[in-house]
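Chemist: Here's a structure for you.
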Amino acid sequence: MVPLLPLYALLLLFLCDINPANANSYYDKVLAHSRIRGRDQGPNVCALQQILGTKKKYFSSCKNWYQGAICGKKTTVLYECCPGYMRMEGMKGCPAVMPIDHVYGTLGIVGATTTQHYSDVSKLREEIEGKGSYTYFAPSNEAWENLDSDIRRGLENNVNVELLNALHSHMVNKRMLTKDLKHGMVIPSMYNNLGLFINHYPNGVVTVNCARVIHGNQIATNGVVHVIDRVLTQIGTSIQDFLEAEDDLSSFRAAAITSDLLESLGRDGHFTLFAPTNEAFEKLPRGVLERIMGDKVASEALMKYHILNTLQCSEAITGGAVFETMEGNTIEIGCEGDSISINGIKMVNKKDIVTKNGVIHLIDEVLIPDSAKQVIELAGKQQTTFTDLVAQLGLASSLKPDGEYTLLAPVNNAFSDDTLSMDQRLLKLILQNHILKVKVGLSDLYNGQILETIGGKQLRVFVYRTAICIENSCMVRGSKQGRNGAIHIFREIIQPAEKSLHDKLRQDKRFSIFLSLLEAADLKDLLTQPGDWTLFAPTNDAFKGMTSEERELLIGDKNALQNIILYHLTPGVYIGKGFEPGVTNILKTTQGSKIYLKGVNETLLVNELKSKESDIMTTNGVIHVVDKLLYPADIPVGNDQLLELLNKLIKYIQIKFVRGSTFKEIPMTVYTTKIITKVVEPKIKVIQGSLQPIIKTEGPAMTKIQIEGDPDFRLIKEGETVTEVIHGEPVIKKYTKIIDGVPVEITEKQTREERIITGPEIKYTRISTGGGETGETLQKFLQKEVSKVTKFIEGGDGHLFEDEEIKRLLQGDTPAKKIPANKRVQGPRRRSREGRSQ
């Protein structure tokens, strides 16, 4: 008896090794979960889920157990003995181990009696009862019943050859447990070494040539039996062979040839092909199909979008899953009962056509990837209002197939009734603000980026921790890139900024008190110059009850006033909807203290105060409206009267009082813009006329260059003003100017001057003079250079023609009278008595 102990120990070790709970394969992990769910029913009981109305059963995964459904269908829970165990009369659960027999006997133990019978009549029985080690993928009785009757009859009529070969094609010449069946493995069968494609999926499903293992790991003395849900058919063709032989796939075959992909489907691999039928192609608009087929890049993208680089059998799909296609984008494959859906649409009409390099599913819809679509075709159901308006107002036709564009598409509910009912010309301008001249993908956007629309407007990009915004509107998920452009989805209609912070406040009477205090604090320039600011602007309600004496008190302490006002201003542009909802965002104000912002239920809270209106865009920042005066809680007040005033206006916090304390003086930093002016010496060209020559002077040309980059900061003391000074050294050389045929010598003069630029931008002019019968020549010249016409007055300054003057010149009016060099005359010009034009 002693020698039996080591043998018994080895047997226990073997059984422990194959115990699903101790294995690491997906199948065994799901089996272990089913065992846990069934343990209340007794030892070695597994919980299975059966889809209602079918005979399909699955070991319970965690996900399916809690959902109570598989492929969207409700399931009922069954409790059965786990593989390798059996019940005993009068005892709970499955306390007994199944007897171990040879492979032939095990077929009967697992209930695969039809396979057992066919193994007997085909003379396979002797082989699987004898010596050896086999893996038998045995079709269930139901699988044989579902086999095509003609095929089954043919096997039964030739049991010694056809049936025997068919059964051998279900066998492998070694024992392989589910943990040995690796995903993507190809195992040679016992019939001509034809490959068996093994797939072992994360949800625990194991397939062989897309047949699902429904009862695995039935150990035999000379191998193992895995019961499968269908009969395996012999395969010897590739996906390419199948496409070339199927007449119903001729359109798809043509697309494969056009894109040079047909031959690649004949190579070794583990592909999944969703092949659209000819009927599917007939559903496409003819123009769309012709455009794609005429574009090799688009047709290649179309083909690759139908191919996966992994073998995906239908039986492995128990819920929605996302897969990457060869094209690079993803598709979602799901199931609804026995139907397979792609991107949420049931379209698979024939599944699991197994070939030697993959599997084919026939579909009745053509899958068009974004990369093969025109930019306007990228819009989804939530952007139909935008795309409909773009088409109705004639903008869609301007999006040329060979151009590149970016659509900034607001969602449907962003368009109010008032917007939709406005004048179509104005509505067209609004839509133009949502179309960019170039293709800009999501990954191309960065903070501070300037984008130009087809309407000529410039839009700013703001990138935050959890949001990307363009002007006042922030993106939602759904950005796509197509053949000639990209689309990004926005919550609201984008409103380009037109006015500065100061101009916005000035045109809104709600801010008149705050604006007056801001100007009294000498802070007006801060809101007029270029920059990026966020202003929390208090309305007049914030100062309700403040008397004129109290206002004078506040203005009288300039440091205090500046501290209070600058606490409402923070560097950077912060859009309300750009903040991560529900969390506090801490910003440092220009005054130096912190301000606390939070987005709650589409409302911006500023120091826990609700903003009455947010995201008012300006050219140098954004305004958020508050109806309370903001004050930094960490700054004490040392003046009794000021404290009384602040307590009168601010009731939501307790202001500290420290007698004698004063407000700090805040050094004001301003942006300075570098301007370089280049002066080019004038060139004189004499145009001969019939009576009077025309002097055409080009120059002096002045080029204004604005250098953008990091701002320069310098300290500006109180009372000091900032002036932009341009240094130049124009050189005027000696030349002769002919006026009415009389030569006038102008001596060479060289000077150095400083020009203080306080007015509008420098305009470039062209200098000319003439008159008499040379009007036709002058008129032609003016028509070409109508925006650059200047009349040169002898001894005086150049004069820029206004629009009305230009019109009169074009109509033949004569120039004005002579004007002294040291005097500029306003009003209409007249001819002098001498007849000399100026």
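Quick reminder: no glycine exception, Cβ is built from N, Cα and C everywhere.
Since we're looking at a predicted model, the values are computed, not measured.
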Chemist: With the disulphide bonds as Swiss-Prot has them, who is the partner of CYS81, out of CYS71, CYS94?
Modeler: CYS94
Chemist: Which residue in the list CYS210, CYS469 does Swiss-Prot annotate as forming a disulfide bond with CYS313?
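Modeler: Among CYS210, CYS469, the cysteine that Swiss-Prot links to CYS313 by a disulfide bond is CYS210.
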Chemist: Where does CYS71 (disulfide bond) sit in the DSSP three-state scheme?
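Modeler: Where CYS71 (disulfide bond) sits, the three-state DSSP reduction gives coil.
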Chemist: Within 10 Å of each Cβ, count the other Cβ atoms and name the one among the disulfide-bonded residues CYS313, CYS469 with the highest count.
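Modeler: In terms of Cβ crowding, the pick is CYS469.
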Chemist: Just give the helix, strand and coil counts over the domain 'FAS1 3' (370-494), going by DSSP.
Modeler: 41 helix, 36 strand, 48 coil
Chemist: Taking CYS62, CYS71, CYS81, CYS335, CYS474 as the recorded positions to compare, which has the smallest set of other Cβ atoms within 10 Å?
Modeler: CYS62
Chemist: Report the nearest neighbour of CYS210 (disulfide bond) in space among the recorded positions CYS62, CYS81, CYS469, CYS474, comparing Cα positions.
Modeler: CYS62
Chemist: Reported as an integer number of Å, what is the Cα distance between CYS81 (disulfide bond) and CYS46 (disulfide bond)?
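Modeler: A Cα-Cα distance of 6 Å.
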Chemist: Quick one: give me the count of other CB atoms within 10 A of the CB of CYS210 (disulfide bond).
Modeler: 22
